[in-house]
Amino acid sequence: MRRYSAMPEQGALTIVRRSSSRSKAESCPTPTDEQLDSLDLDTEHLPAVDTPDACDKAALRLRYLLRQLNRGEISAETLQKNLQYAAKVLEAVYIDETKPAVARQQSAPTLVFRRLADEDDELSEVQPDAVPPEVREWLASTFTRQLATAKRKSDEKPKFRSVAHAIRAGIFVDRIYRRVTSTALMQFPQDVIRVLKTLDEWSFDVFALHEASGGAPVKYLGYELLNRYGMIHKFKVPPTTLENFLNRIEEGYCKFHNPYHNNLHAADVAQTVHYMLCQTGLMNWLSDLEIFATLVAAVVHDYEHTGTTNNFHVMSGSDTALLYNDRAVLENHHISAAFRLMRDEECNLLQNLSREEFREFRTLVIDMVLATDMSFHFQQLKNMRSLLSLAEPTVDKSKAASLILHCCDISHPAKRWDLHHRWTMSLLDEFFLQGDKERDLGLPFSPLCDRNNTLVAESQIGFIEFIVEPSMGVCADMLECILGPLHSSSKNSTSSAEPINEESTGTKDRNENSSKFKIRKPWVACLSDNKKIWKEQAAKDAEARAKQEEENNSVPPTTEE
Ligand code: AMP
Ligand code: ZN
């Protein structure tokens, strides 16, 4: 089982939720003018730099310094001393963050409380009895990882596209232009055309598409999407090149005959991304190149998946783990192999992109697919939440698209029960096959991989409650935040403008915040229905286990000994 140094050990998930142990008002409030006016800039009597108090003091001083600089009322010496103090405070927090987890947990609670990016936060909310230990262990080993300390360049300010584009959102799909002559386009079988009529629905039946397409859902869905969004025309993708590319991608997904990580999953994720792009209006916030990259990232995000987890690659010392130094092993492979495929001229969708477009596209796809590594999950959610809590959040396009792809990747529990159930059984089949391999190799079972000892219903409840629901929640908040201004500008500028998608999710929202832009959230009801069914199943399973145990206990001991 994967053990990152920052990962809580089993049973350690009840750590008090550190960053929530302060009230909202208390944590880093923006200082008032009165507070700033009464500030004493003395640097002799400040709290030690590695205490929570120091952070507040440093923040307050920085605010004050900024104000005084604006007014031109500050001496160089005072400025220097206070900046030095603030820098030390920040360094202390950083150093604390880089300590191993065990050391952090043993250090003073004040230090732990001040960790900058506490990825265990979400998981630490899991109460000891809320989920069985196996499920906790699986959640911890799959969805957390050591903090990545690399700092990215600051995010570009998002640009809102024109009002005309905003209006276009609601009426997008059927009116999107198709400038490529119909003769050059790939021919679609009638059955495929019939299934694709429901392409814009949340609970689109990708299994039906698989059947209708003779086992080639990626080929038809990928083609249809890139055509609908005008990508073939815009980026001058030769239709046969696209067809070759999609055929080869589809083959790669079928290489290991995986029950779950196969071409159906790729098509499912791509369709869900399409829903997010077109039904929420997100496509109007993104550039053509960003849409192109997002769709391609969805299609290739698990290309040549081996049907085993990153943990298995690391523990078995696979060639791929060796190649990628145990980091995001599969994700690195999916991206690298997909770009390698595009080196073949017959499959090179990007042949007519300019050098700059190619670089931007490649960076976007790399960022998005790497962010599907589940061990990055809590960090990703936490980063987005903190960003959205700012007074004027500026969401980076790549971060937004990455979160969308991540959510779509784990969205099947938020789809209709029949679809979700089928996906879950396929994934468990795949996990159990991995468990068989682990047993043969003498490796310990990874969580959920022991076919004789896995609590299916409980693990699904855990997955929904602690992973999928929070993800969809943050995703919806992010969409409402970035699309709200776009929506209001379209409403203000033209009286005939259709709202992009205005649907309140409850009376509370409607009453309290009637003007706030809301997206439709069909996943909310599905998640709740599915959870209910799993809970009923879990109760039945527990009953059956108790009965079995009772029977075992009542069997008289054999006389063999
Ligand atoms: P990916 O491997 O990129 O498809 O990411 C999806 C990951 O989410 C899977 O590998 C699992 O770790 C997790 N996941 C998806 N569905 C389930 C499920 N029903 N139960 C448990 N884990 C799941
Ligand atoms: Zn996936």
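Quick reminder: no glycine exception, Cβ is built from N, Cα and C everywhere.
The structure displayed is predicted, hence computed values, not measured ones.
Noted in TrEMBL for the protein shown:
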type     : residues                       : note
REGION   : 16-37                          : region 'Disordered'
DOMAIN   : 181-541                        : domain 'PDEase'
ACT_SITE : His261                         : active site, proton donor
BINDING  : His265, His301, Asp302, Asp409 : Zn(2+) 1 binding site
BINDING  : Asp302                         : Zn(2+) 2 binding site
COMPBIAS : 488-504                        : compositional bias 'Polar residues'
REGION   : 488-516                        : region 'Disordered'
COMPBIAS : 505-515                        : compositional bias 'Basic and acidic residues'
COMPBIAS : 537-550                        : compositional bias 'Basic and acidic residues'
REGION   : 537-561                        : region 'Disordered'
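Features per TrEMBL, on structure.
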{"residue": "His261", "record": "active site, proton donor", "Cβ neighbours (10 Å)": "24"}
{"residue": "His265", "record": "Zn(2+) 1 binding site", "Cβ neighbours (10 Å)": "24"}
{"residue": "His301", "record": "Zn(2+) 1 binding site", "Cβ neighbours (10 Å)": "29"}
{"residue": "Asp302", "record": "Zn(2+) 1 binding site", "Cβ neighbours (10 Å)": "25"}
{"residue": "Asp409", "record": "Zn(2+) 1 binding site", "Cβ neighbours (10 Å)": "21"}
Looking only at residues six or more beyond either end of the region 'Disordered' (537-561), which have a C-beta under 8 A from one in the stretch?
455-458, 461
Apart from His265, His301, Asp302, Asp409, which residues in this chain have a Cβ no more than 8 Å from the mean position of the Cβ atoms of those residues at the Zn(2+) 1 site?
His261, Ala266, Val269, Ala298, His305, Thr372
By DSSP, what is the split of the region 'Disordered' (537-561) into helix, strand and coil residues?
18 helix, 0 strand, 7 coil
Whole-number answer please: how many Å between the C-alpha atoms of Asp409 (Zn(2+) 1 binding site) and the residue listed as 'active site, proton donor'?
11
Work out how many Å separate His301 (Zn(2+) 1 binding site) and the residue listed as 'active site, proton donor' at their Cα atoms, rounded off.
10
Take the C-alpha atoms of the residue listed as 'active site, proton donor' and Asp302 (Zn(2+) 1 binding site) and report the distance between them in angstrom, rounded.
7
If you average per-residue pLDDT over the domain 'PDEase' (181-541), what number do you get?
93
Under a three-state reading of DSSP, tell me whether the residue listed as 'active site, proton donor' is helix, strand or coil.
coil
